[in-house]
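Right, one structure below, let's go through it.
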Amino acid sequence: MSSRNSVSSALRLLEGPQTLGKGPGFWAGFAVVLALACAYPLFADGYDVGNNVYFFNWAFMALGLGLIWGYGGALSFGQTAFFGVAGYAYGVLTINLGDAYGLTFFSLVAAVAISALFAAVLGYFLFFGRISGVFLGIVTLSVTLVLERFMSQTAGPEWAIGSARLNGFNGMGGMPSLTIPWPGGDIVLFPDVALYYLTLAILVVVYLALRMLVNSRFGNVLVAIRENPQRAEMLGYDIRRYQLGAFVIGSGLAGLSGVLYTAWGNYITPSSMGMSAAALPVVWVAVGGRSDLTTTLFGTLLVLAGFQYLTIYGSQYALVVMGVLLVVTILAAPSGIFITLGALFSKGLRRRLKRERA
Amino acid sequence: MAILRTEKLDKWFGGLHVTDEVDFTVETGEVHCLIGPNGAGKSTFFKLVLGEHAPSGGAILYDGENITRAKPFERIRRGISVKFQVPGIFQALKVRQNLQIALQHHLQGATLNEEIDRLLEFLKLKDAQDQLAGSLSHGQKQWLEIGMAIALKPKLLLLDEPTAGMTPDETFATGEMVQALNAQGVSVLAVEHDMAFVRQIAQKVTVLHFGKVFAQGTIDEIVADERVAAIYLGEVHA
């Protein structure tokens, strides 16, 4: 009985003050979008479907940054550090352990845990050292750039962990894809329809879980810290713990992105932790609207698709366009494009826009 | 029995002695006002009690326990609560959610909602509960913050210029709130400029001057003290 109560009260948190969208209308829309996403492989070539898993791979890092920055008010400019650490960790683990017996999934979990642990140690010094505002961005950016430099000079044969060569600037390859153990032959999740469904399922679970998290008591305190850290502390909350908690969860999600990306392309390079890589998640999250999970998710997918389009069709200026997009967003639509455009049609969003501008 | 006592509390900022070995006591159940001219060290003393500044020397005792080294949130959890001069509320959140965040420490579910409703009634904010806190009038913001402060069920309430920027009517209503809380057993320490408000609420008044306790007594004794009048006019630099 009590367990049923706790399940139903957890489900109630899917809607709340910290998330846009409630009621049958929203969930009907959610079901339609999910159905379309599920139906997509029926109408497309397996190769294309596999390629497009790429877009989902990044969404976790964006949602994590939305949690840390949009909800917690702490701008981390170095989420790619956790992406890279987890990607390399997956490579090292799977190259040494192999892909039998579901060990790739063990490696996935272990690599995410390693990135979360790294975030816990770094975050401890950041938040318990009361580093905030622009300095938080500078320190986190420095960390990711240091990691990029470090990994770039690991070309020599002495840089190997077990049988995994780190390979310096050229990057590490040859790690196995995610592999499901199956009687009569393991199922290898090459970039194809099966990997698409797995990644989509993880994305849906993470999205819904984050909705519950931000509408919980934890989420209440997190937005309170964003609004007024002194007042939050003077209500008896140890705000450092809450900020650290959000940072570890958000960075673990960046790690999940790193693992999924590495397993998808069987490849990871130091430049995944470089300057432009570090800036891009900030652009995705800002353009979509960082103060909400749904706008963050769709903004990320939209900007990624646009970036991909520009890169493929010959433009050398995709990165410049991203920079312009960020500047325009900050000047013209600081709440993100969805909330700004939506405000043209919805009174509730107009109110929200007004208060976010205030 | 003292709810709050400082013993030779001392604070230097560089070469500036802003709090000079202050021995100060708030008795349990008392409404105690702290006054003094600008630069007397009232705000610093307030921040020392809250734990926002670490003292250079001396001790702070709360309810008999030494809290000199306790972190601000630890002091709050022991039963101190504070209302700042500039309303410290969560502007972008609804009034109701502001109170919920203050109350969710110790309450949940139906009891949480009942307590929010009770507080909204007390604060005269029932009709504004679904507004954003940032859209309230200045006086209402002050009340909301008082509400958040008392939601913690404090034993000692610290008020930093609670009536700053209020109309006379709002000031008077605030005084009635403080008296109602005091009648429920809450001890109060208020830093205040408005002497009409001090007269309305204070059972005891302490005057700070150059970081030292300059005078202490009832409001009538303080008003009658010529030396106090003189420091407000800037004649005596004792």
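Even glycines carry a Cβ here, placed using N, Cα and C.
From a predicted model like this one, the values you see are computed outputs, not experimental measurements.
As annotated by TrEMBL, transmembrane segment applies to A:25-43, A:55-74, A:81-98, A:104-127, A:193-210, A:244-261, A:267-286, A:293-311, A:317-345.
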Proximity verdict for the transmembrane segment (A:244-261) and the transmembrane segment (A:293-311), three or more C-beta pairs under 8 Å:
no
Determine which residues of the chain contact the transmembrane segment (A:317-345) at the Cβ level, with the cut-off under 8 Å and only residues 6 or more beyond its ends counted.
20, 276, 279-280, 282-283, 286-292, 294-295, 298-299, 303, 306-307, 310-311, 352-353, 356-357
Counting Cβ pairs under 8 Å to the transmembrane segment (A:81-98), which of A:55-74, A:193-210, A:267-286, A:293-311 comes out on top?
A:267-286
State the non-local partners of the transmembrane segment (A:193-210) in its own chain: residues 6+ outside its ends, Cβ under 8 Å from one of its Cβ atoms.
14, 34, 37-38, 40-41, 46, 49-50, 52-53, 56-57, 59-60, 63, 67, 177-178, 187, 253, 256, 260, 264, 293, 297
